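Here's the structure we're looking at; comments come further down.
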Protein chains: 4
Amino acid sequence: MALTVSRTETGREFKVKDISQADFGRLEIELAEVEMPGLMVCRAEFGPAQPLKNARITGSLHMTIQTAVLIETLTALGADVRWCSCNIFSTQDHAAAAIARDSAAVFAWKGETLEEYWWCTEKALDWGPGGGPDLIVDDGGDATLLIHEGVKAEEEYDRSGMLPNPNEAENAEFRIVLSIIKEGLLVDPKRYRRMRDRLVGVSEETTTGVKRLYQMQANGTLLFPAINVNDSVTKSKFDNLYGCWHSLPDGLMRATDVMIAGKTAVVCGYGDVGKGCAAALKAAGARVIVTEIDPICALQALMEGIPVLTLEDVVEADIFVTTTGNKDIIMVSHMKQMKNNAIVCNIGHFDNEIDMLGLETYPGIKRTTIKPQTDRWVFPETNRGIIVLAEGRLMNLGCATGHPSFVMSCSFTNQVIAQLELWKERGTGKYGKKVYVLPKHLDEKVAALHLGKLGAKLTKLTPDQAAYISVPVEGPYKPPHYRY
Amino acid sequence: MALTVSRTETGREFKVKDISQADFGRLEIELAEVEMPGLMVCRAEFGPAQPLKNARITGSLHMTIQTAVLIETLTALGADVRWCSCNIFSTQDHAAAAIARDSAAVFAWKGETLEEYWWCTEKALDWGPGGGPDLIVDDGGDATLLIHEGVKAEEEYDRSGMLPNPNEAENAEFRIVLSIIKEGLLVDPKRYRRMRDRLVGVSEETTTGVKRLYQMQANGTLLFPAINVNDSVTKSKFDNLYGCWHSLPDGLMRATDVMIAGKTAVVCGYGDVGKGCAAALKAAGARVIVTEIDPICALQALMEGIPVLTLEDVVEADIFVTTTGNKDIIMVSHMKQMKNNAIVCNIGHFDNEIDMLGLETYPGIKRTTIKPQTDRWVFPETNRGIIVLAEGRLMNLGCATGHPSFVMSCSFTNQVIAQLELWKERGTGKYGKKVYVLPKHLDEKVAALHLGKLGAKLTKLTPDQAAYISVPVEGPYKPPHYRY
Amino acid sequence: MALTVSRTETGREFKVKDISQADFGRLEIELAEVEMPGLMVCRAEFGPAQPLKNARITGSLHMTIQTAVLIETLTALGADVRWCSCNIFSTQDHAAAAIARDSAAVFAWKGETLEEYWWCTEKALDWGPGGGPDLIVDDGGDATLLIHEGVKAEEEYDRSGMLPNPNEAENAEFRIVLSIIKEGLLVDPKRYRRMRDRLVGVSEETTTGVKRLYQMQANGTLLFPAINVNDSVTKSKFDNLYGCWHSLPDGLMRATDVMIAGKTAVVCGYGDVGKGCAAALKAAGARVIVTEIDPICALQALMEGIPVLTLEDVVEADIFVTTTGNKDIIMVSHMKQMKNNAIVCNIGHFDNEIDMLGLETYPGIKRTTIKPQTDRWVFPETNRGIIVLAEGRLMNLGCATGHPSFVMSCSFTNQVIAQLELWKERGTGKYGKKVYVLPKHLDEKVAALHLGKLGAKLTKLTPDQAAYISVPVEGPYKPPHYRY
Amino acid sequence: MALTVSRTETGREFKVKDISQADFGRLEIELAEVEMPGLMVCRAEFGPAQPLKNARITGSLHMTIQTAVLIETLTALGADVRWCSCNIFSTQDHAAAAIARDSAAVFAWKGETLEEYWWCTEKALDWGPGGGPDLIVDDGGDATLLIHEGVKAEEEYDRSGMLPNPNEAENAEFRIVLSIIKEGLLVDPKRYRRMRDRLVGVSEETTTGVKRLYQMQANGTLLFPAINVNDSVTKSKFDNLYGCWHSLPDGLMRATDVMIAGKTAVVCGYGDVGKGCAAALKAAGARVIVTEIDPICALQALMEGIPVLTLEDVVEADIFVTTTGNKDIIMVSHMKQMKNNAIVCNIGHFDNEIDMLGLETYPGIKRTTIKPQTDRWVFPETNRGIIVLAEGRLMNLGCATGHPSFVMSCSFTNQVIAQLELWKERGTGKYGKKVYVLPKHLDEKVAALHLGKLGAKLTKLTPDQAAYISVPVEGPYKPPHYRY
C-alpha cells in the first residue's frame, strides 16, 4: 500500500482502506451507541461544557466500531483527535472510514505490515509543527513507547552524535521503530522532546501496557503522568473477563467453524483473560485444561473443575489459547508434536506468546492460507498441520471483531474519565511522572452508568446501615484492597 | 442473476456464484474432512464396493462445506449427484464452487430470490430425458414437495385439462412453485410422474420435512418410501441440540456483534433446537425465558432454572429466537412493542415463524440494511427499530455458516446409511410408501464412529452383564422407547 | 428387632422404629404437601368421587415423607393401604410413624436386615384370609417378585411335591426369599395364587423394576397387568435426572462432608440417572469422567465436555458413583487400587453394582464405621482405606432423604393416575398380562399440574397453528417417539 | 445446662455436650486430615522446631471437625490452646468432644444460649491468674471485642467508679456482654488490662471481624496488633466463595429437603459469599436474583445472567439468603408479604441481617419448630408461614456442618502462618497496634500447598520469562492490587 495521506473535504488527514465504507461504518456506529450507555451519558453530561476543548488527543487503540464511539465521545467533549490502531489486524475498515470522513484523522487498516503499522503510529502522533498531542489514549503502550524511545535517541544524539542503529535491535519490530526514529532524527532532532514537553499525560488501557508503565516508573524513566485504566475494576474485571468470554469463541468460529463441544482446549494462563476464555470454552462444551505459574490462580482453576497441567502434558489437545502476557508460551517444539489440525491462537496483547519466528523458520515447513488470518502450517516430518490464527496476534480482533460494545463501554468510559481528569488537572501538579489509578467512586460511577440498560435496580443503604458498615450512603462501598 | 447453466470441462452442469472460489472451498473441505469421521469411515468402509454405483442422487440441502463432504462421500460410494440448497441464504459459495468444479452438478448460491431458489430445485431434479433421480436427500422436503405437487397437477391436467393457477396459491412462495409446475406441464405433461416412477425413495433430514412426510403418510398421498433421518438419536439429539448450541451465538455475533451477557433473551419453543439455543444463551451470560405450548417441555425448562412465560409477558426483552417449527410465533404486533434495537431471529426451518409479511407491509415502516442479512426496521410511530436477521430465515445459516462439521458428520452419516439402505433394498419390497426410521444398531454405529476423534473409550459388557440386563453384548443397548 | 406387629387404637397393624416420631413426621408431611401440587390436585379433583373405594393397595416403595403424601393421596381417594419400603436403608422413621399412626399399615424402618426387609414385604402383602391386595404400587419390583416366585413354587409343589430349596439360591438375598416362600407353603399352599387371582395389576416406578416386567412379558410369565410408570416422561426425565441432580450431592455431603469442588469424580453410566449425577458433580466444581457401554450415551457425555473412559483408566479418581442398573461395575479389584479415602457409592436401584461381597470377604480387610451408612474399608497390603456409602445401596436414600418432594410429586402423580386407571378398568379387559405405559395426554397433564407452583405460564396454540402442525389444540403435542 | 467445668484425667478443663462422642469425632478428624494438606504440611514442616512453644492461644472460632484439625496443628507446633465457638449453633459436638479429650480446653456445644455463649468465650480467655492468652485466633471478633469492652469498662471504673450498665445496652446480646464484664470487674478490676498487656496479637478470620478491626484502627482504639487473614486471597476468594458454594445448598437440603431446581431464589449481597451462594443456587437449577448496593458488584451479577432488583421487587420468591455483612436486610415487613413456606436464611456472620426481633415480637405470630434450627413462623393475618433457618444465624453451620475441610485448610493455613508470624515477631516491634495482611509470597505458598492433593502441576517460569514480566522466578507473581 502506498503510504500517502489523503484529506477530507475539510482538510483532515487520513489513510484508510476504503473511505466508501463510511456509510456502512456509520450504521454500525449508530447500533453500537445504543449498547454503550456509559459513553453516551458522558456526551450528555459533559458535552455542553466542552471540557476537552483545545485538547489534542492521539489514540493508539484498535480502530473498531466501539473505538469509533469512543473517538466521537472525545470529539463531542471538544477534543481534536488523531488515531491509529494498536494491532496490524484489529482495524475494522468501515469504522475507520466513518471516523476518517466524519470525525478525526485516522491512519489504520486491517492487515497492515509492521512498517505500515509504525508509519500509522507516527502519523497519529504528528500534529505538525506545534509539537505532538496533549493527551494520549494508549492500548499496549506503543505510542508511549515511540515517544520514550524517540526522546532517548535524541538525547543520545545530543550527547554523543550517535544515531540509533536498527541493526542492533533485538527483534524485527524494534528494528522498524529504530529506523523511524533515526529517520526522524535526521530531519528534526528535537521532535520527540517537543512532544514530551507538551504532553499532559497518557491513559493506558491494557495489562501489557500498564506493565510497561510500572517498569518505567520503577526505573525512573517515565516521562509524563499515566493513568492506569486497566486496573479500574470496571475495566479489568469486565473487558478482560467477559469481553474474552464473548470474543474467544467468536474468533474461533469465524476463523475455523470448528465445533468446540467435545474438544479438549488448553488455556495458557488463568488471569482475567484466561478466566474468560476458560469459562467460554467450558460453556461451549469443551474439556478445558489450564497451564499456570501462579499457585493461587491455579487453585482457582481447580475449584472450577479445571485441571492444571503443563503444556507438555497436554500437547495432544485440540485447541490452544495463550492469555499470559508473557513470551515464549507455545514454542515450535510444542507445535510439531500437536495433532493434525490442532488450533493454536493467542488472545494476549502481543504475538510473542506463540513462537511465530520458530514456526516460520522451521526447515521445510509449509504454510497454506485458508483465508486471511487463518493459516495451516504443515511440518515436513509428520505431514501434520496446525492451524494458526491471526499469525499469532490477538485472535479476537484479527479473526472476529473484538469485544462487544457493551463491555467496551465500561472500559472506554474509564478512558474518557481519565482523559478528562488529566486535562482538567493539567496545570495543577496533581499528577507527577507516575502511574495512577482512578479513584473508586469513579469506578463505581462507571458501573452505575451501565445498570439501567440491563434493567437493574440498586438497593439504597439507609444512613443507619451505612454507619454500621462505615461507608458513605453514596459510596464508595469497598476498601481499596477489595478484590470483587 | 441470469439463470443460465454453465458446464465444467467434463461437461457437468452447474450454476454457482463464482467458480473461482473452488480452491478456497477445497481447502475448507479438507479441514472439514478431519472433523467428519463418520463420513470418512463410510468412504473407507464402503468405497471399494461402490454400493451406490449407478444411483442418481438429487440433494436439496444447505450447500455448505459440510454438505460438500457428504456429497463427495456419496460420489466416493459410486453415486452421480445433482444438488441445490434448501434455503435461499444457506449456500457457502466457495463450497458450491468446489463441488461444482470437482464432484457434482450444483445449482446454489447465497442470496437467491425465491424464483431462483425453485429454479435451482427444479434443475437439481432434472436428470434429462431418462427421468429424475433414483434417490433424494432432502432437508425440509422441498424436492419431495415439488414432485408431489407436480404429480398432482399432472394428474389433474390429465383428468380435467386444468392447469395449476398460481394466483390461487396461498402465499407468494407457493405461487412460484405452481408457476414452475405449470410451465413444465406445458412442455412435458408426464415429467413428474416419470420422476415418481423412477424414485426409489427419499431420506429426510429435518423435523419440518419429517412432519410433512408423516402428514402425507397419514393422508395416503406419499408417493415413495421415506427414511426419517431426523429421528435417529444421533441426528435429533445432536445436530438439533448441540448444533444450535454452537450456531445460534455464532449467528448473533456475526450479524450484530451484540454482547449476549447481561441481556434478556426469549427462546420460543423448548424442543431440541430450543434447548440448544437456551443453553447457549445461558452459557453466554443471558437471562433466558422460554415460551412453550407443551407442559412437559415447559417443566424441563423450569427445572433448568428458566422461566416459562408468554411472549406478551416478555416483549421487553433484548433478543428473540423462534425455534418452534410452527407459524405465526412473533407477529408484527409484538415487534412494534419491542424496545429499540431488539434482535428478532428464527432458527426453525421456515421463515413463517416470524411475521415477515406483516412487517414488510406495516404502514410507514422503514428498512435499513446494515449489512446483508442484518436489517433494521423502524416503526414510524415510535421511531424505534428492531433488528431482523436473515429476513426471518434460518439465522445460523443466513448469518453464519450453520452447524459445525463434527455434529453434521453424525447427521450426514445417517443420511449415507439411509441412502445405502434404500438403494440396496430397491428391488426387495422391504420399503413401501411409508416413513421409516433407521434401526437402533445403525444409530449406535453412527455414534461409535464419532467417539475416537474425541478420545473416548467405551466399556465392554461381559456376557454375564449383558444377560443380566437382557441385551446383546454388541448392542443395541436400549429399548425403542428410550429417550436418551 | 423382634418381628412383632403392633396395632393402633383403631386396630391397624404396623411395625415402625418409633411411633412417637409421628408428630415430627406430620410436620414434615405438611411441608411436603405444599411442594407436591400434582398429588394435592388429585385429592381435590378425585377425592369427592372416592374412585379407589374398596381397593386394597399394597405399596413397596421407599417409606419417606414424599411417599407419605402419596399414601395419603391414595387413602384420600378411598383406598385401604399397606406399605413397606423397597430398600433396607430408605425409610424415614418419622414418616413411617406418622403414616402408621394416621393412615395406613406400615412395616418399615431405617436399617432393616435383609430378613426383616422381606418380612416387611410379606406383611405388606398380607391382607388376611381374603387374599392379597387388589393393586400394587411397586418400586424395583420386589412385591411383584415375591408373588411371582410364590406362585411358581406353589405350582411346582402341586406338580412335584418339591419345596423350594433356599440353599440352591444364587445369592444370600434370594435365599431369604425362598425361605419365606417355603415357610408360607407349608402353612398355606395356595396363598400366592389367591393373591395372583385377586390382583388387578401393578404400577411400577423404576427402571430396574420395569426391566424385570419386560423380561417377564417376553418370557410369557407375567401374571397380571403392569403399568410402566417409569417411562412416563414426567417420571424418567424428571425424577431420575433432576432428582439425582439434587440427591447425589446431598448424600455425599451428609455422609462425608467432602468438598466436591476440585475433585475428580467418575460416574459409571450416563443414562438419566447418570446424567443427573454428572451434571450435579460438574455444577459443584468436580472434574467428571463417565464410563459407558452405549456409544450414543457416550457421545452425549462428550458433547457436554465430559470425557468417556473405562474404569481402569480412572481408578485414581476421588469419587465413584454407579448408576448403571447393571451388576459388577466396581469390583474389589478396582477398589484395592483406589487412592486413600476414595469415596465409592451407588445410586442405582440394587447394591450389586458394587462388589460388596468381594469387599467384605477380602482377606484381612478392616471395616470402620464412621457413622451409620458411612464405612471405611482398609486394605491390608496398602493400609489405604476407601469410604463406602450405604453399604453399596442407594446412597441418596441411605445417606440423605432421597429425592425432594417437588420432583417426586411428578412421579407419584403418575402412580396415582396408573392406580386409578387399573382400578377403573378392572372388569373391562382393557389391560391384559402385559406392560403398558400411560398415554401421552396424561403425561402432559402431570406436567401441567406442576407448572403453577413455579410461576409458569403456557402459550396456547391457535386452531390455525394447531392445524399447521397437525396436533389438537389441547394436546397431546408430540408423537410417541419424541424424546424430549 | 449447668455451667460447670469438667476436667480430663490430665486436668485440662472443658465443657462439651457429650464427651463420649470423642471417638466419633476422632474418626472424622482423621478423615479431615487427609483433606487438609496445608495444615498437615505445617505440622511436618514446623512441628519439629516447636515454634509455638510456650504460646497460649485462645480461639473463638466455630468448633467443627475442621477447626479440630487447626487446633491440633497449633498444639503440634507447641502451643497451649483454649477454645470456644463463635456461634451458638456452629459447634459439632463430636469434634468438641475429641478435642476436649485429646488436645485442648474446649467450651462449646451446639445450641448454646447467648448467656452460655459468652460464658464460653470468657472461659476460653481465662488462663488463670497469670493473665490471658498470648495470641487469639478470632472469627467475627467476639474474643477481641470482649477484651476491648472489658478494658474500656475497667478504665471507666478507674476513672469514675462507674460500672457498666447492662440495661443501657442497645441489644440483648450486648446486655449480656456488659453483665459479664460488670461481674468480672467486681471480682478483679484489672483482669482485661492484664490480658491486653500480655497479648501479642490476634489473627482474624472473617469479613465482619476484619471490618471491626479496621474501625478500631481508624478510631485509634485497637489495643494490639491484628493480622487480617480474611483478605488473604487464599481465604476470601476461596473459603468465602467456594465454601458457600458447597455449604449453602448443603444447609438448605439438610434443613428443608426442598427441591432447589425450579425455584426462585434471592441472594442479598453479591460479594464473595453472595457470589458463591448465587453460583450454587444457579447450579442447582434455581432462578437467582441478586440485591446489591454496590454498582460494580451489581454489574458483575448482570454479566453472569443474574438480574439485580430490590427486595421489594422480588418478595414473592421461594428462597431468600442474606450475605451482606450489614444489618436490617430482610425485615418482618418483607417476611409477612412472602409466599407460604418461603425459606429465609442468613449465611453472613451475624444474625442481624434478618429482623429476628421483629419476627419474634410480631403480634400473634406462631412459631412451630419442625426440627432444631428449622422453624416455621405463621403470620396471623394470612395464615401463611415462612421457614426460618438457624434462627437467622449462619445457616451453613447451624443446619449443616459448615465449609468442607479442603477449603478450610486454605483458611486455616493462613491462620497458622499468621500465628507463627505474630509469635515470632513478638519482641521485635515489627507489628504495632494496626491491622496487617500477610505478604503475597505466603499467600501463594498457602495455595501451592493445596495443589498436589488435586493432581495439579504448575508451569515454571524461565529466568528470561520472569525478567520479561519483571517478577522473581519463585514469585510473588502479581502486584498487590491484583484482584484474581
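Yeah, the Cβs are placed from backbone N, Cα and C, and that goes for glycine too.
Those TrEMBL annotations? Automatic predictions, nothing curated.
Straight from TrEMBL, the features:
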BINDING   A:THR64, A:ASP139, A:GLU205, A:LYS235, A:ASP239  substrate binding site
BINDING   A:206-208, A:271-276, A:GLU292, A:347-349, A:ASN396, A:HIS403  NAD(+) binding site
DOMAIN    A:240-402  domain 'S-adenosyl-L-homocysteine hydrolase NAD binding'
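The binding-site residues recorded for this entry are A:THR206, A:THR208, A:GLY274, A:ILE347, A:HIS349, and the Cα of A:THR206 lies nearest to that of A:LYS235 (substrate binding site).
Within 10 Å of the C-beta of A:ASP239 (substrate binding site) there are 26 other C-beta atoms, taking all protein chains into account.
There are 26 other CB atoms within 10 A of the CB of A:THR64 (substrate binding site), with all protein chains counted. Candidate binding-site residues: A:GLY274, A:GLY276, A:HIS349. Nearest to A:GLU205 (substrate binding site) by Cα distance: A:HIS349. Taking the Cα of A:ASP139 (substrate binding site) as the reference point, the closest of the binding-site residues A:THR206, A:GLY276, A:HIS349 is A:THR206.
Non-local contacts of A:GLY274 (NAD(+) binding site) by the CB criterion (under 8 A, 6+ apart in sequence, same chain) comprise A:VAL267, A:CYS268, A:VAL290, A:CYS297, A:THR323, A:THR324. The two recorded residues A:THR64 (substrate binding site) and A:HIS403 (NAD(+) binding site) have their Cα atoms spaced 10 Å from each other. For A:ILE347 (NAD(+) binding site), the same-chain residues lying six or more positions away in sequence with a CB closer than 8 A to its CB are A:CYS244, A:SER247, A:LEU248, A:GLY251, A:VAL273, A:CYS277, A:VAL321, A:THR322, A:THR323, A:LEU394, A:MET395, A:ASN396.
Neighbour counts of Cβ atoms within 10 Å were compared across the binding-site residues A:LYS235, A:HIS349, A:HIS403; the minimum falls on A:HIS349. The maximal spread of the substrate binding site, taken as the longest Cα to Cα distance among A:THR64, A:ASP139, A:GLU205, A:LYS235, A:ASP239, is 18 Å. The least crowded of the binding-site residues A:THR206, A:THR208, judged by other CB atoms within 10 A of its own CB, is A:THR208. On the backbone, the CA of A:THR206 (NAD(+) binding site) and the CA of A:ASP239 (substrate binding site) stand 10 Å apart. On the backbone, the CA of A:HIS349 (NAD(+) binding site) and the CA of A:ASP239 (substrate binding site) stand 13 Å apart. Distance noted between the C-alpha atoms of A:ASP239 (substrate binding site) and A:HIS403 (NAD(+) binding site) is 7 Å.
Counting other CB atoms no more than 10 Å from each candidate's CB, the binding-site residues A:ASP139, A:GLU205, A:ASP272 peak at A:GLU205.
Around A:GLY276 (NAD(+) binding site), taking its Cβ as the centre, 26 other Cβ atoms fall within 10 Å, counting all chains. Per-residue confidence over the domain 'S-adenosyl-L-homocysteine hydrolase NAD binding' (A:240-402) averages out at a pLDDT of 98.
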